[in-house]
Amino acid sequence: MSVSLSFSYLFVFLVIISSKTFITPSSSATNSFVFGGCSQLKYTPGSPYENNVNSLLTSLVNSAMSTSYNNFTVPGIESPQDTLYGLFQCRGDLMGNDCSRCVALAVSQLGTLCVDSFGGALQLEGCFVKYDNTSFLGVEDKTEVVKKCGPSTGYDSDALTRRDAVLASCGTGDGGAYKTYRTSNSGDVQGVAQCVGDLSPSECQDCLTEAIGRLRTECGTSVWADMYLAKCYVRYVTGGVRSHATGNGKHHHGWWFLIFGFLVF
């Protein structure tokens with residue numbers, strides 16, 4: 001298995017991977033950690049910016065009780081630099097209490113992970129939360145954040161045909177109304193894809209096309225794979241279960257990563 005991480009901001013990333021993960025929408029562990037990151041820049045405790053962070057995160061949690069996606073802008077009262085932007089999004093099949101619980105947990109984990117950080121992002125299996133003092137709302141971003149490639153079973157034309165059919169369906173949807181969340185299956189291959197809700201339909205399509213292309217190129221004949229870009233992700237699995245036997249650490253542009261409990265500088 002290979003794992004790589006990157007991000008467009010100066011973020012600290014942690015990736016913790018369990019020994020077995022189920023990625024199919026019906027069986028995913030909603031609260032399982034996928035990735036998290038924090039700005040290396042810190043604000044002063046007790047500052048107006050901290051008040052804005054608390055206000056924004058509270059708004060995200062409250063909003064998740066009634067909707068599966070929302071974004072907020074908290075204006076800086078004393079300085080425009082204190083303006084804060086944020087959003088949350090739940091997985092497309094997650095509604096009501098499950099969505100709100102996931103967002104509340106993500107916000108709680110951000111509070112622990114990103115103490116006094118100007119920006120933070122956290123992806124759980126069931127939801128995504130992000131905030132920053134630089135506006136990212138409505139901005140297309142195809143930066144590769146996390147890539148995970150499972151083991152290869154060698155070239156199997158039938159398996160690859162099924163996988164490609166699943167990825168194509170995830171990329172184009174079912175031909176009906178535009179959806180940010182798509183699922184597909186072909187035989188024993190299952191796939192899921194989702195765009196962040198602030199993207200337009202054309203931007204979502206562009207992001208998913210990029211993610212699918214990278215996943216196919218970089219993960220080759222893997223029996224499962226995940227490709228998370230900054231504003232969308234695509235995942236597939238063959239057989240429903242992903243087993244992780246080994247892990248890799250990576251150091252990149254001053255970030256440190258935690259993978260399988262090992263700190264890598």
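Yeah, the Cβs are placed from backbone N, Cα and C, and that goes for glycine too.
Record features, source TrEMBL:
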type	residues	note
SIGNAL	1-19	signal peptide
DOMAIN	31-136	domain 'Gnk2-homologous'
DOMAIN	137-241	domain 'Gnk2-homologous'
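Residue counts for the domain 'Gnk2-homologous' (31-136) under DSSP, split into helix (H, G, I), strand (E, B) and coil, are 37 helix, 33 strand, 36 coil. Across the domain 'Gnk2-homologous' (137-241), DSSP assigns 35 helix, 34 strand, 36 coil.
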